[in-house]
Amino acid sequence: MSVTVVPGDMEQVVSDAPAVEGALRTVDVTVPATSANLGPGFDTLGLALSIYDSVTVSAFDDGRLDIAVAGSGAAQIPTTADNLVVRSIAHVYADVGRPMPGLHLRAVNGVPHGRGLGSSGAAVSAGILIAKGLLAGDVELDDHSLLRLATELEGHPDNVAPALFGGLTIAWTGESGPQHKKLLVHRGVAPLVFVPGFTMSTSLARSLQPPQVSREDAVFNVSRSALLVAALTQSPELLLDATADRLHQDYRGAAMPETLRLVQALRAEGFAAVVSGAGPSVLVLADGPGARRRAVDIADAVTDTPWDAHMLAVDVRGGTVEQRAEGST
Ligand code: HSE
């Protein structure tokens, strides 16, 4: 067996860290995994998925920085001021002109690290939401500010928009900065993600794309992206055509041949399979639980690479932030 189905209850890791004595304030934040691009919608479309990072942070009026991380990628994640969640909190405090507080931070990461499921976007979004929770009552951050701050750190808005707001998001950058439109996905769409044991660097993946594309390829992706919005919200039967891409997947395939092979094998069997984000995971937008099971069987038959298969739901809520009541643990 090269494919292992991950039980759904493994996705729901929760930080239950107690509040720390003497804290000014404690907040609990959860942020979903995200799959960007969805085939043709390069740097534009994103989908929130039901795997979560969970972070509890207490703020102090001293300079402490006490960080512990458990779960996916924990061994590689810095527990210093370089930590991406902490850098994101600091970015917000600098933006609003408030001094950075001391922090006690406990994270439990469910989002697979470096696999094209938005782990960096989740860390950035978690930091932005933590800052929102810690600053509430002094500074109020609206959705537009949250997306702007997150995009400044992430570089492109297609992961952070669904991480913050949930559902299917169309993200673009206009004159007033990054914007998003959230849509609800047709309930017949059943996401399935194949996650390999190896990682892929987003900057390497981006460097493999040519600076220019032909008008024919541009038109190809414009038509498929427009169709994909209709397929995901109204007409799932169009998903196979709607997920075709000519802007990034084939160019990046040389750096992740097993990923491209699995995408092609599943598409040849009629499944809407795409590279998730910059890879190396594969996202399948199936049309129900039975179809997901068949996709797992096909993957198992065509690949020797070990893959974890996650049968997921679309997360409709996006990132959450809750302030602990004073005196609670
Ligand atoms: N749109 C981005 C890319 C998502 O494919 O490079 C990964 O961060």
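Just so it is clear, glycine is given a Cβ too, placed from its N, Cα and C backbone atoms.
All TrEMBL annotations are machine predictions without curation.
Copied from TrEMBL, the annotated features are:
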BINDING   P112, H113, G114, R115, G116, L117, G118, S119, S120, G121, A122  ATP binding site
DOMAIN    83-167  domain 'GHMP kinase N-terminal'
DOMAIN    236-297  domain 'GHMP kinase C-terminal'
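With respect to Cβ neighbours within 10 Å, the binding-site residues P112, G114, G116, G118 differ, and G114 shows the lowest count.
The Cβ of S120 (ATP binding site) lies under 8 Å from the Cβ of L84, E154, N159, T202, each of these being in the same chain and 6 or more residues away along the sequence. Secondary structure at S120 (ATP binding site), taken from DSSP and collapsed to helix, strand or coil, is helix. Counted within 10 Å of its Cβ, the other Cβ atoms near A122 (ATP binding site) come to 31, all protein chains included.
Residue counts of the domain 'GHMP kinase C-terminal' (236-297) by helix, strand and coil are 35 helix, 8 strand, 19 coil (DSSP-based).
The DSSP secondary structure for G114 (ATP binding site) is coil. Confidence over the domain 'GHMP kinase C-terminal' (236-297), given as mean pLDDT on the 0 to 100 scale, stands at 96. A Cβ within 8 Å of the Cβ centre of P112, H113, G114, R115, G116, L117, G118, S119, S120, G121, A122, the residues given for ATP, is found for these other residues of the same chain: A33, V111, G277.
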